[in-house]
Amino acid sequence: MFPEYDVIVVGAGHAGCEAAAAAANLGSKVLLVTMNMQTIAQMSCNPAMGGIAKGQIVREIDALGGYSGIVSDLSTIQFRMLNRSKGPAMWSPRAQNDRMLFAAKWREMLEQTPNVDFYQDMVKSLIIKNNQACGVVTGLGHEIKSKSVVVTSGTFLNGIIHIGEKQFGGGRVAEKAATGITEQLVELGFESDRLKTGTPPRVDGRSLDYSKMEEQKGDDEIVGFSYTDTPRIKAAEQRSCFVTYTSQEVHDILKTGFDRSPMFQGRIEGRGPRYCPSIEDKINRFADRERHQLFVEPEGWNTVEIYVNGFSTSLPEDVQYEALRKVPGFEQVRIFRPGYAIEYDFFPPTQLKYSLETKLIANLFFAGQINGTTGYEEAACQGLMAGINAHQKSRSLEPFVLQRSEAYIGVLIDDLINKGTDEPYRMFTSRAEFRTLLRQDNADLRLTELSYRLGLASQERMDKVIEKRNAVESIKKELAQFSVECAEANPYLESIGSATMLEKQKAGKIILRPNVDLPSLMQAVPRLAETLSHFSAESIEQAEIQVKYERYIEKEQEVAERMSQLENLVIPDSFDYDKVSALSNEALQKFKRIKPHTLGQASRISGVNPSDVQILMVYMGR
Amino acid sequence: MSGQLMGWDDTIVALATPPGIGAIGVIRVSGKKTFDVMNELFPSKDLHQQATHTIHVGFLKEGEQVLDEVVLSLFRNPKSYTGEDVIEISCHGSPFIQQQVMAAITSRGVRLAKPGEFTQRAFLNGKLDLAQAEAVADLIASNTAASQKAAMHTMRGGFSNDLQALREQLISFSAMIELELDFSQEDVEFADRTALNNLIHTLSMATHRLLHSFRLGNVIKNGVQVAIIGKPNAGKSTLLNALLNENRAIVSDIAGTTRDTVEEVLNIDGILFRLIDTAGIREHTQDLVESIGIEKSLEKMRAADIVLYLFDINEITPEQLQQISGDLTREDINHLLVANKCDLQSEALQQQFSALFSNIIFIAARDNRGIDLVKQELVARTIGGQVNTESTIVTNARHYDALLKLAGALDDVQLGLDQKVPGDLLALDIRQALHYLGTITGQITNEDQLDFIFSKFCIGK
């Protein structure tokens with residue numbers, strides 16, 4: 001019934017979909033197995049993509065030829081570039097999406113991708129021979145062969161849902177949990193553990209009184225995620241979100257449910273994310289706060305369903321209902337479905353290689369929540385990398401690895417496999433030591449060529465990058481040469497409170513001043529606007545950032561280069577750490593378990609001291 | 001034996017723990033004569049009869065005088081670190097005691113070890129391969145948590161407490177910056193720039209205070225170099241003896257860190273003073289310095305932390321002294337004018353000089369008069385009267401260097417705040433600051449910042 005596949009992807013969430021698309025686009029024959037064909041690419045939690053650090057990741061996925069950026073742009077109902085008032089490294093695209101359209105677009109794109117087959121069934125075990133994965137066994141008993149397997153199980157592995165005192169098995173509300181794989185992998189020697197996450201109630205938008213809330217509109221300009229020419233919606237069409245607040249009264253009602261809370265009563269074992277606490281956690285831990293912000297987010301163009309962001313809870317439904325009714329604008333609220341908490345299995349990611357292949361079983365790859373992460377973007381980028389590497393492995397090609405200085409994706413995977421995680425891992429810009437290099441505006445310049453050389457990013461993408469690169473260089477040259485007369489610029493400079501010029505100055509010099517931006521300068525100096533008229537706004541902005549922040553960018557580049565020296569010192573696979581008697585015991589154990597490939601990687605393993613790395617360096621003959 | 005071929009057959013001794021005041025100090029002796037020498041100093045047992053890898057408690061005695069109560073650890077060749085006979089003496093951690101013990105050992109034909117010589121011997125005797133030997137050398141100089149701890153324990157006062165406070169303040173500062181970057185969309189209160197300004201100011205002050213303590217710390221660790229300068233008949237030798245005589249019990253002839261010069265070491269109120277070039281004063285009848293202005297004598301004086309310019313009060317005019325004092329001041333030499341041979345006849349002269357010079361002391365070295373004043377003044381000049389013994393003192397050059405860089409990075413942060421640069425760019429300089437402090441306290445990671453943020457702010461929609 002089934003041919004032999006190159007890559008089987010287990011699970012069709014954000015990670016699974018990206019994995020299937022990447023492997024197939026590289027030329028692998030791919031089977032995507034999901035428990036339910038109707039729930040491909042679900043946004044299980046909030047109907048939004050991007051945000052701070054996450055938006056940068058979506059841009060990176062797009063630059064590498066993944067689909068998440070395009071799908072997001074096609075399903076956007078509101079777009080905002082967050083942190084505009086801060087430096088360019090912090091600008092972060094974020095979209096509200098139509099949940100159903102998002103899933104539909106994903107399925108449409110996958111269906112249009114040659115080499116992707118679909119099959120609806122639960123995978124209950126993996127076929128493993130000689131410590132190599134070579135296929136899956138489904139719930140109906142089919143054995144399907146493949147050269148490699150990517151497992152993206154999300155919250156489904158032994159998932160348990162908690163609402164108040166009720167608890168039942170499930171991977172999402174109203175969907176069955178998956179069983180079998182954890183037990184098999186643990187049998188094979190894998191370590192597994194539990195994590196917890198939660199989601200808020202969904203309510204009927206027709207029952208809300210928006211006049212009691214603050215409106216939050218989208219941007220006037222929709223930048224979007226994809227570097228391709230994917231159409232964007234018109235700014236005027238955007239849907240608004242609304243902001244409202246809890247109150248002491250709401251908190252008091254919520255507290256009446258604490259004796260039935262699965263979290264406070266100890267029924268939940270898994271650890272939840274500190275940055276995404278449930279509402280009961282917030283009022284418990286920050287008891288002095290009189291109110292908490294709630295975001296009222298529409299779930300799509302053609303639905304009245306509303307997502308109550310900020311009200312994640314696993315308290316009993318009656319308590320959720322009574323408390324919500326005291327929130328301004330929610331007096332008449334009707335609940336579509338209650339919030340809940342879910343616990344699921346994950347495999348501590350220190351058991352993975354940089355390629356996301358497991359160390360224990362060859363040709364087996366993990367991506368997404370199974371690795372202890374949280375978030376669509378985090379999952380999707382791992383899926384993309386696992387899909388690429390599953391393809392590479394099936395062709396005996398070199399793994400594709402991104403450095404910390406190249407991409408947030410590199411930071412994420414490096415953190416996961418070297419540091420592990422004991423709470424659901426989310427990306428923050430503070431995790432990246434090269435934040436100024438890893439901007440949302442230059443993900444294409446950073447990554448598309450790497451992916452193009454791999455055979456994933458299309459010729460069209462590459463051409464656009466070359467064009468942008470050339471345009472940016474030309475603009476920078478123009479800015480360095482173009483002299484602005486005092487009379488031309490001074491009225492503008494005066495108007496923004498910047499010192500006036502006493503003699504003519506190069507445009508490239510003027511834009512170094514704080515408060516001065518290139519579009520405004522172009523407006524003030526029509527000659528300059530004329531000179532740059534044939535360049536796109538995107539290229540002009542890119543050139544401006546490169547000129548304006550050169551000092552900072554160079555500083556980080558220097559550190560990145562210094563760091564890469566350690567990255568180039570390869571530790572042979574056969575290296576015998578036991579021979580190195582001077583290593584601290586903790587470092588010795590960690591080195592033996594993680595088997596770092598380079599001294600750079602060794603230096604980032606938690607519990608390893610600089611001296612341990614120095615000792616290794618001495619042993620390796622510097 | 002390889003040691004003989006290489007001319008390594010002598011016995012060596014060195015302090016194995018960092019110099020300075022700690023709970024205990026370990027002195028290591030290695031070589032053929034180890035057991036002979038230690039047996040003479042350790043009367044309670046015959047060490048020759050004791051097995052290898054045993055420890056022994058008892059008194060070290062120089063004749064009848066007890067030097068210290070110690071613990072000896074015995075290692076017979078080849079089962080020792082160096083592969084030779086080794087005894088490690090754990091004595092009390094005062095520099096004075098350690099010097100006495102070292103003096104007792106070196107006076108019996110044992111030589112002070114050169115830096116790294118124990119490891120070199122271990123290597124030569126096949127106890128370590130070259131890589132291991134290098135690793136040991138690296139470790140000694142490295143940023144390891146262990147060596148950090150060891151170094152920290154040797155510090156006076158609450159250096160680590162101060163650093164801990166500095167570290168926490170810096171983490172909270174950087175976390176507040178990161179908060180407004182990563183969590184700008186959250187409903188939390190962001191620190192205003194005034195608060196950040198205040199915090200960076202506090203950090204900067206604390207760093208500078210630690211930096212300032214380094215000179216004193218260095219002095220406490222390595223001793224204050226003192227030179228006595230003066231014409232041949234000024235009485236330098238007498239002054240030297242007077243300074244040392246009263247402290248006969250705590251004076252010893254040992255070769256110091258610069259082994260080509262012989263020094264006399266004087267302990268006043270716990271501070272070591274090294275009287276440099278005393279060999280010159282003792283052994284030569286004619287003096288090193290005939291007059292001020294000779295390049296060579298200037299060199300000697302510049303090497304000293306404090307110069308005592310000694311003169312016979314009866315053989316100098318106020319004008320001559322003004323000339324000399326002026327020359328010294330111009331050369332930026334920290335000096336004391338010491339008028340010798342003061343007696344009743346010279347009282348008028350003394351009053352005249354007192355009025356003219358603020359840094360003058362009147363003594364009669366032969367009668368031991370005024371010697372205490374000289375000592376008091378030496379101490380006062382060293383600690384400057386500003387630092388009380390409770391405050392934290394930095395003694396480690398690597399820490400000093402890191403603090404210096406930290407101060408530089410903090411200046412950059414301050415500049416960034418003044419210029420209102422965006423938080424993400426400000427964070428670039430803050431990361432430098434975190435890095436430099438991290439080289440002393442252990443690296444500060446983004447997890448530290450996130451822990452701070454999540455514990456203080458309600459994050460999460």
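Even glycines carry a Cβ here, placed using N, Cα and C.
What TrEMBL says about this protein:
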- A:Gly11, A:Ala12, A:Gly13, A:His14, A:Ala15, A:Gly16: FAD binding site (BINDING)
- A:272-286: NAD(+) binding site (BINDING)
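A:Gly16 (FAD binding site) and A:Glu280 (NAD(+) binding site) are 32 Å apart (CA-CA, integer value). For A:Gly16 (FAD binding site), the same-chain residues 6+ apart in sequence whose C-beta sits under 8 angstroms from its C-beta are A:Val9, A:Val10, A:Leu32, A:Thr34, A:Val150, A:Thr152, A:Ala367, A:Gly368, A:Gly383. Within 10 Å of the C-beta atom of A:Arg274 (NAD(+) binding site) sit 18 other C-beta atoms, taking all shown protein chains into account.
The number of other Cβ atoms within 10 Å of the Cβ belonging to A:Phe286 (NAD(+) binding site), over all protein chains shown, comes to 15.
For the binding-site residues A:His14, A:Lys282, the largest tally of other C-beta atoms within 10 A is found at A:His14. Each of the binding-site residues A:Gly11, A:Gly13, A:Gly272 was scored by the other Cβ atoms within 10 Å of its Cβ; the lowest score goes to A:Gly272. In the three-state DSSP reading, A:Ala15 (FAD binding site) counts as helix. The FAD site is defined by A:Gly11, A:Ala12, A:Gly13, A:His14, A:Ala15, A:Gly16, and by the 8 Å test on Cβ atoms against their centroid, the other residues of the chain that qualify are A:Val9, A:Cys17, A:Glu18, A:Ala19, A:Thr34, A:Ala41, A:Thr152, A:Gly154, A:Ala367, A:Gly368, A:Ala379, A:Gly383. Neighbours of A:Cys276 (NAD(+) binding site), defined as other CB atoms within 10 A of its CB across all chains, total 22. A straight line from the CA of A:Gly11 (FAD binding site) to the CA of A:Arg274 (NAD(+) binding site) spans 27 Å. Under 8 angstroms separates the C-beta of A:Cys276, A:Lys282 from a C-beta of chain B, among the binding-site residues A:Ala12, A:Cys276, A:Lys282.
Here the binding-site residues are A:Ala12, A:Ala15, and the one ringed by the most other CB atoms within 10 angstroms is A:Ala15. DSSP assigns A:Ser278 (NAD(+) binding site) to coil in the three-state reduction, outside any helix or strand.
Sorted by the number of other CB atoms within 10 A, the binding-site residues A:Ser278, A:Glu280, A:Asn284 start with A:Asn284, the lowest.
Mapped onto three states, the DSSP output places A:Asn284 (NAD(+) binding site) in helix. Annotation note: A:Gly272 (NAD(+) binding site) sits in a coil segment as assigned by DSSP.
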